[in-house]
Amino acid sequence: MSDGLERSVKVSLLKEPVVRRLCEVLDQSSNKGWRKLGEIVGNDRRFKVSPDDMEMCSLKVLQPEGSPSRTLLKLMGERGCTTGHLMDYLQTVGNAEALQCLKPPALQILVQPQSVAILSGHNLRLSCYAVGKSPVQYQWFKGKDEVHNSTSPDLMISPVSLRDTGFYICRVNCGDAFEFSQWAQVDVLNTNMPCGQSYQSAGGRLKLVIQPKLQRLQVGENLQLECGAVGRPIPRYQWHRNGVPIPKATKRKLVIPHAMQEQHGRYRCEISSSTERLWTNEVDVVIAPRICVQISGATECSEDDIYAIGGGPSDFLLNSIPEQLYATDKVALLIGNLSYQNHPQLKAPMVDVYELTNLLRQLNFQVVSLLDLTESEMRNAVDEFLLLLHKGVYGLLYYAGHGYENYGNSFMVPVDAPNPYRSANCLCVQSILKLMQEKETGLNVFLLDMCRKRNVHDESTPNIVLRVTANIVFGYATCQDAEAFELSSTGFTNGVFVKFLKKRLLDDEKITVLLDRVAEDMGQFDATKGKQALEIRSSLSERRALTDPILPGNSPNMAHTLSRHWAKAHELPESMCLDFDCGAQIKLGFAAEFSNVLVIYTHIIKKPEDMSLCQAHVTDFSQDVDVDPKEMNRETPEETGVYFLSSSLPQHCLYTRVGALQKLKEELAFTLCLQGTFVSMDDDTVHWTKTINIGKPLIARLDLHRHVRRNSCLQTCLMPHSPSHSPCHSPCHSPCHSPGPEHRLHIIPGPYQVQDYARLSPQHHYLDVYEPLQGAVGGSGESYYENVSQPQYDPAYVSAEKLSSSSSRMSIPIETTDDISELQTVFINSLQLQQQ
């Protein structure tokens, strides 16, 4: 890294190790320390440090571990001071030791190899990237032994096998200087997962691939349980028996030699990384006593040990274990609609879908997670979901967004639904269930996080005939003819339903028992007590649980084909290193936030020594996808709108979020631009470009933008009006759906601040707390401001009778505090909601 580039970095962006060393030097120096530095900076009008500022810095010595230098540097950084300015000041002070802290070392490792758990037969890559004042050389080691032909930044082993398990390190040389990377552990797992099946999600999230198995032992035999997960970084393990952690049981394989009868019970393992946690299935370990012993060639049995005719206690214990239920596969479709074109905007669906996606993947569900779908896109997504179903599969559909319920049928509202909407514009959940039943699925779970108010604009009566089966579970976020609520804030929080569901979803319980416990938790939530209650409808007669293991059925080839079809929706482009004529090398990487949201990041791996400034960014995206020009090529993922992957994305990159991939009609192509400034060219900027084509990433491969297929849920139910006579027009008229605005309780806060006390308002999907009102969308297109003028708003609540007089008026999305559960009791008691 050249001095020119280093000088342009703002002081506030210095890395913590550099700041720590610099502060130690300045704090300990008497006549060349932070006070002298503050005097010089105080004379510079650009970053003037006042005597009061210096006094504040000096007071830091009274605090434990307080640093006057750190406070001074923070002030300078807030006022725009760069590293170049700071180096000039230190030069004037004459503190050579402090100045040395800011100069780049002769050799610096930028990218360290990461430990990884990987399946045998897949490709292993460990990366180590370094920069130096001269060409850098690499040599990889496994333990103390050199890895043959491994002198590049990337160590590739293809395919990896069990013998490759071990610890790896890279030695980096630059002239006379050398550095060793950190150690990276490689754990290779052997399982029967078919080659080509996706086992590791974007960002290296954990994926469970080996489940422990039931054990039937006799006293004195060795107890052995094994589990395994793949991911980066390598997972940590902790075994539990009957819910209690087993001391020192922190390996993938749990081995207890000479097991005793008191060690029987239910075992499972907790697998975790720095950001995630998942659980294996809970399995029974039965340890029966040895009832017969051999004495002098004769066999003798104790009468006390024989208490069952025709068999001993071992037979009794083994036969008492209920038969394990299983799924032939597990698939889930998660849809979160929040950016409505003609209706109030929502916030929580994005958070809810993301968190449920991670939890369901821990339960070995194949998950498709989608945001903001139009009617045709929702119908095609359901069609793709149905393709994954076959006999014995557990199918789960979660929907968060606007919705309604008429005559016992639930309808999901797409983001392009008109105002008002009717059945022709929405998807009927019961019609989807009918199609799922035709697949002979083993379990059908519907989690509907939406309102269930009646739609007065839709008088159609669906005629959906469902089969009588014992495998259907509905979890409604709210009761019939009631609203559902969200907890929103300036940041991101969950809806009320998912707030409690996510705490229970991994429990090894019958799905109806699990939902019952969620209902109990929600019933204790003061903010929505009496206004929202979970409703469960079930025809389940067996102890089916989301934690049930997967055992492929009689058609393994079909299952493999369907898995490959699902994998198409999750295939990321391969990361690539691009060489430019100037000698610079740029790494282009990809990650998935949702099945229709792609994150692109660029990183400068190498730049010419005579190039003082080097920058790379992406541009020129297709108009089909959603890319905000103001949020492209940002220094942090959060600045681009990516809030969930920041901890798993590589650092020191520029990030761009590409949404709405389901709308992509052609392959995704864009331009990678490189800008460079050379010392020899008087700082003139030179540009290079490359056109990049990454095909159709993620859900774009399934072409959800196409016209609705004939075998879609459009065909599953009949309405009194035909599609051609539907009273509301849509790109795809459905005879099986009906939407419209709902009667809702309006609670309109006045122009007060949130910290005064937040106020609740039920709306189409969620509960929000808002500051000043910013507009309302009426069901028939009229504004609520026609009847209420904004300056006359009173913090008092408006009655439901007054507001429900016009069915066209809809509630308004409202801001809330970060966590509604922490609201004061006085706030809860102040609610004066009236029944509709």
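The backbone N, Cα and C atoms fix where each Cβ goes, glycine too.
Automated prediction, rather than curation, is the source of TrEMBL annotations.
Summed and averaged per residue, pLDDT over the domain 'Ig-like' (105-181) gives 89. Look at TrEMBL and you will find 105-181 (among others) tagged as domain 'Ig-like'.
According to DSSP, the domain 'Ig-like' (206-286) comprises 3 helix, 43 strand, 35 coil. As annotated by TrEMBL, domain 'Ig-like' applies to 206-286 (among others).
If you look up TrEMBL, you'll see 328-406 marked as domain 'Caspase family p20'.
Note on the domain 'Caspase family p20' (328-406): DSSP counts are 28 helix, 26 strand, 25 coil. According to DSSP, the secondary structure content of the domain 'Ig-like' (105-181) in residues is 3 helix, 42 strand, 32 coil.
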